[in-house]
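A.B. asks: Starting off with a structure, shown below.
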Amino acid sequence: MAPSKKAGRKVIQAPKKGGASGGTGAKFAKADWKEGFKKKQVGVSDMTLLTKISNESVNENLEKRWKNGDIYTYIGSVLISVNPFRDLGIYTDTVLQSYKGKNRLEMTPHVYSIAESAYYNMNAYHENQCVIISGESGAGKTEAAKRIMQYIAAVSGGEDSSIQEIKDMVLATNPLLESFGCAKTLRNNNSSRHGKYLEIMFNDHGEPIGAQITNYLLEKGRVVGQIENERNFHIFYQFTKAASAEQREMFGLQGPEAYAYTSRSNCLEVSDIDDTKDFADTIHAMQVIGLSAHEQSEIFRMLAIILWLGNVQFVEKDDGNAEIADTGVTDFVAYLMEVDSALVQKVLTSKVVETQRGGRRGSIYDVPLNPAQAGSGRDALTKAIYNNLFEWIVSRVNVSMKPRGAHTQLIGILDIFGFEIFEDNSFEQLCINYVNEKLQQIFIELTLKTEQEEYVREQIKWTPINYFNNKIVCDLIEERRPPGIFAALNDACATAHADPAAADNSFVQRLSALSSNPHFEPRGSQFLVKHYAGDVMYNIPGMTDKNKDALVKDLLDLVAGSGNQFLQSLFPDRPDPNSKKRPPTAGDRIKQSASALVENLMRAQPSYIRTIKPNQNRSSSEYDTKAILHQIKYLGLQENIRVRRAGFAYRNTFEKMVERFYLLSPATSYAGDYIWQGDPRSGCEKILTDTGIAKEEWQMGVTKAFIKNPETLFALETMRDRYWHNMAARIQRAWRNYQRYRNECATRIQRFWKNNKEGIQYAEVREYGHQILAGRKERRRFSLLSYRRFFGDYLDVGGKSAFGQEMHSICGIGSEDVAFSSKIQLLVSKLGRSSKPSPRFLVITQKAVHIVIVSEANGRQTTSLERKIPLVTIKSIAMSNFRDDWMALNCNISEEGDPVFSCIFKTELATTLLRLTQASIQLLIGPTIDYAKKKDKRTQIKVIRDETVPRNDVYKSHTIHVPSGEPPTSKSRPPAKRKPGVVRPITQGKLLRKGGPDKPVAASRPRPQAQPIPGKTATPPVSIQKPAVATVQKPTASAAGSGRSVPPPPVRQAAPPPPPEGPDVPMYKAKFQFDGQEGEMSMKKDDLVELVEKDDNGWWLVKRNGAEGWAPSNYLELVPPKPKPAPTAPPPPPTTRRPPPAPDANQATSRPAAKVPVKSVAASANAKPVSVFPGMGAGNGSSTPWKKSQQTSNGRDSDESPASSRPSSSLASKPPPPVATKPKPGPPVGAKPGAPKIPGKPPIPSAPRPTSSTATPLAQRQGGGAKPAGVGQMDLAAALAKRAQHIADNE
Ligand SMILES: Nc1ncnc2c1ncn2[C@@H]1O[C@H](COP(=O)(O)OP(=O)(O)O)[C@@H](O)[C@H]1O
Ligand SMILES: [Mg+2]
């Protein structure tokens, strides 16, 4: 009932308090709310989990929970509800919403959960649903029914106004029918005095589009009298207390105390009922349902008629006959009924008796009634009017709620009067208890009997559970032949219809025939029925009359003659007096409607709510153990638990199981396809085996698979969800790997191309240069070292540097491209002295050669353009065929004479000039250099071979001294390979195979064929994971051995064990200090290193103190080995080197696995398990009851199931670091043909002498600066060239 405000407030406060203490608003409010809601549960919330099953333990559990405010408890899917008799604040909208879309196990037990599952199942399986609520009067059935309606209205969507209208109406039927159909009884202040089955119809979107109420057996006797302290139907108090003045005027209405029917039991007020407020609610409900003002008015007129009729009193006349005490009352009744007042008086005090003779109508007598007879006649009339009024209201409500369209399914909610035992039990109790017997039958049928029968049918191993089947009691009451109680009543009525007392006697006699039934005992004017819920003693007097339930003809005539249409319409079908057919008795009707109800319910999927009443006093603290134990017993809760425990929560046909869960086994699915080739039964079995569910959790029947616990089913569902989730993750992972791989490849290609693009251009220029020199000039050793690129603009005059820009403007170059720039030594002739080389800058553009001079005047340096020689004026270039750097530009017309200069890039310079002039300039190479000293004064410079010249060459008085060079025809060494910097190997991701794509792949599982329908067995699923596990072993072992001197793992036995480290290993000494970058080996001078591998790019992999790294080969000097190595011994074939990924092995091992290559077959370490147990790894880490240890296919110890059930374990991703796997080179380095003898190290180019030892002092001078800066990014040769320029500058 209405929650007490105090209690309500308390509950709402809880989250607020939490929110405040939590500090920040919404976030905490929510968290705290959950906290508050998920209060600690006491006892077990599902009694199938009870350790001991007995009525007492059930009782104990319920008591613990009830006292803790947990009124709901499950037995499987059956909800047990113990009336709290207080507001627990558990029906708020927040709570309601929290049950939306949740399955039963996700939430604490609640009536909302039952509503949710009914609504969900209706939508999901397109099956009609019904919720059967049973229990004693006052146990909470009506409350539960209302909560279910509230829940469904709240979750069933539908913005549509007609849907909202239906929802409103459905909810409005509660106050309306409660007002007219409920009353305060000793047991319940809002006791339903009728049974009600509400069906809500839904469209295929799950939106309510209509509803229908079926009414069962209104307790109409309550209209005319109630036992002390009970009340009439609520509406009478609401109406008499709260009617409008107009109504009072119209119906002469007074307070409830003024009417016999409302005041006789001395209970006008009920503590928790506000009749005035409820009246307003009733009126509002009438409006919502669409009752017109006229209809409402007529309803109240009927109530007034009943109230006033009740006040008609009879006095006994002298002759013993009845007389109306106050005709004023009958006059008013006549006014209200719109009939003649005298007629009212007449029908109330006399009755018409028609004699029948031989089947023909005889005489008609008016028989006066005594006051008692008159009184019961009057009461019969009022009862009939009220009963018919109630039925009219129900059918009127149904008219309003008629479905607005085609409905696909429905949910029925049955709230029926509870089992009743009174002091004086009469026909009404018999009917009520009979209906309850029928409901118990359904429950037994569906939960106990059918279930057990199915196990037998499916040949499931099963221990039958005994339970009391109340069918025998149902038969006792309803059976026709041999006649049961109802049939006996009917027979008694038929034989002695005129005299009620005679009929009752006849009934007594007939009942004796039933005494053989163990549930029946005749006891004189009483009889005992042993109902499932208890023994009830029924009183026979008056029973036949109640069963006959016929209004006397006079009264029917009175109503028929009324001028009031509404009153007339309440009595539509008058029995045909001429009909031979006996009109149906009350017993007939209840039997008929009960079986219709049962039929209806059996067509729907039932949910059960079994309500329990904790005490008879509506106390929120009294737990009447004895009374509850009794209810527990008769409700059969113990048996219910036993059947549930022994039984299986879920079953479905093999086909359906396979269809739903085939994804869960790799044997039945591949990439989402069904691949099982066997029959559905074997497929289903395979799935259940492969999912690792414990064998006790499931059984295979004949046509169905049975799952024992709902948890298992939910686990299967979760796995199914996770399957897709994991698949998506897998695809994403593969895609990301692919992307990463692609990007890395692209980057490498780009880098390679960038490195080469310019190089190609320069190389072309260089090639051209060689062509034009065409073996005519001796070569410097240095230029043989490698193909140096021709950069051209060595001074960056065309670039952005400050110096370049200054030069650019000094030369006045404008928009021209700078083709070449360099420092030169120009031969300058001073007056009277011999010419001397003097530094200049030379800049060549498309149009001219510029010579720039830096002169010093007054202590200030000025840079200026000394000379500009248009290209067109240059006729030829003169050079010697020695290895000197001198050249002259022979110009056409020049006052100044031809410039003669030395340029280290002479070949490039000449090449540039030829290219710019389309080779119109001649290249003269001869023993002397001819040039014009002045206009028309030609001179020759001689060249003398002089091996004593320490460096390049020396100019002195028209003679160049130069040591001999390499033969003109000698070829440059191939271009130095770049050291590719620190390049990460692309080793991660499953797309990659170790060793590259062309390496043979570990045989992967072939894609099985998709199966629409069976055939033969598919390949075992888990094989995918096996290789991963197997390959893991090796690296792990060797990795473990790396730290200690453990012999290499036996798997590698094919190859001889590596030679022990010692004198056999070639040792090198650092000639210079070298500060290495990442991946390089830093060395101090004279450090000894061990050669691991030579690479022909000038970098060798060396090892010192167990650490490996790269070092420039020209820094290294072989320490002569003791046993002299054969110089001709062929070195091991140069392995295709991969760049050094890690600086040293030790570090690599200590680093995260990500740095090292991953076995190609192994999934990434963070890959989620996919194929076998998606979803089975309990999120909370708890062990799951249904999970058995996984049997692996190769029979490995099942203890390893976590690893073996995963495609990859963390071990799988830890192969050895790549450096460690490099083969050790054999013989010493000196033998390698390609190894540059001439040091490839920067400072060297300036050493002109043939001995390589000259390099040493210079290199030493350079110190740390000699380090190949930016190696990996910069071309080694280019670096050399730059360095050479630098050195030249310094001189
Ligand atoms: N879940 C509940 N929470 C609070 N009070 C309840 C609850 N269920 C029943 N009650 C109280 O018990 C009374 C009787 O419940 P009701 O549903 O009318 O019983 P029934 O229909 O089984 O006879 C209600 O009027 C209400 O006061
Ligand atoms: Mg009720």
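Any Cβ shown, glycine's included, is placed from N, Cα and C.
Straight out of TrEMBL:
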{"type": "BINDING", "residues": "Gly135, Glu136, Ser137, Gly138, Ala139, Gly140, Lys141, Thr142", "note": "ATP binding site"}
{"type": "COMPBIAS", "residues": "1046-1063", "note": "compositional bias 'Pro residues'"}
{"type": "COMPBIAS", "residues": "1120-1143", "note": "compositional bias 'Pro residues'"}
{"type": "COMPBIAS", "residues": "1152-1172", "note": "compositional bias 'Low complexity'"}
{"type": "COMPBIAS", "residues": "1181-1195", "note": "compositional bias 'Polar residues'"}
{"type": "COMPBIAS", "residues": "1201-1213", "note": "compositional bias 'Low complexity'"}
{"type": "COMPBIAS", "residues": "1214-1230", "note": "compositional bias 'Pro residues'"}
{"type": "COMPBIAS", "residues": "1239-1248", "note": "compositional bias 'Pro residues'"}
{"type": "COMPBIAS", "residues": "1249-1259", "note": "compositional bias 'Polar residues'"}
{"type": "DOMAIN", "residues": "42-721", "note": "domain 'Myosin motor'"}
{"type": "DOMAIN", "residues": "779-968", "note": "domain 'TH1'"}
{"type": "REGION", "residues": "1-26", "note": "region 'Disordered'"}
{"type": "REGION", "residues": "569-590", "note": "region 'Disordered'"}
{"type": "REGION", "residues": "956-1068", "note": "region 'Disordered'"}
{"type": "REGION", "residues": "1106-1271", "note": "region 'Disordered'"}
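If you look at the structure here, what lies around each of the features I listed?
C.D. replies: Gly135 (ATP binding site) falls within a strand when secondary structure is assigned with DSSP. Just so you know, the Cβ of Gly135 (ATP binding site) picks up 25 other Cβ atoms within 10 Å once every protein chain is counted.
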A.B. asks: Other than Gly135, Glu136, Ser137, Gly138, Ala139, Gly140, Lys141, Thr142 themselves, what residues in this chain have Cβ atoms within 8 Å of the centroid of the ATP site's Cβ atoms?
C.D. replies: Asn83, Asn188, Gly418, Thr611, Lys613
A.B. asks: Go through Ser137, Thr142, our binding-site residues, and report the one whose Cβ sees the most other Cβ atoms within 10 Å.
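C.D. replies: Output for this query is Thr142.
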A.B. asks: When you measure from the Cβ of Glu136 (ATP binding site), how many other Cβ atoms are you left with inside 10 Å?
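C.D. replies: Total other Cβ atoms inside 10 Å, all chains included: 27.
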A.B. asks: Gly140 (ATP binding site) has how many other Cβ neighbours within 10 Å of its own Cβ?
C.D. replies: 25
A.B. asks: Quick test of your reading of the structure: among the binding-site residues Glu136, Ser137, Ala139, Lys141, Thr142, whose CB sits under 6 A from ligand 2?
C.D. replies: Lys141, Thr142
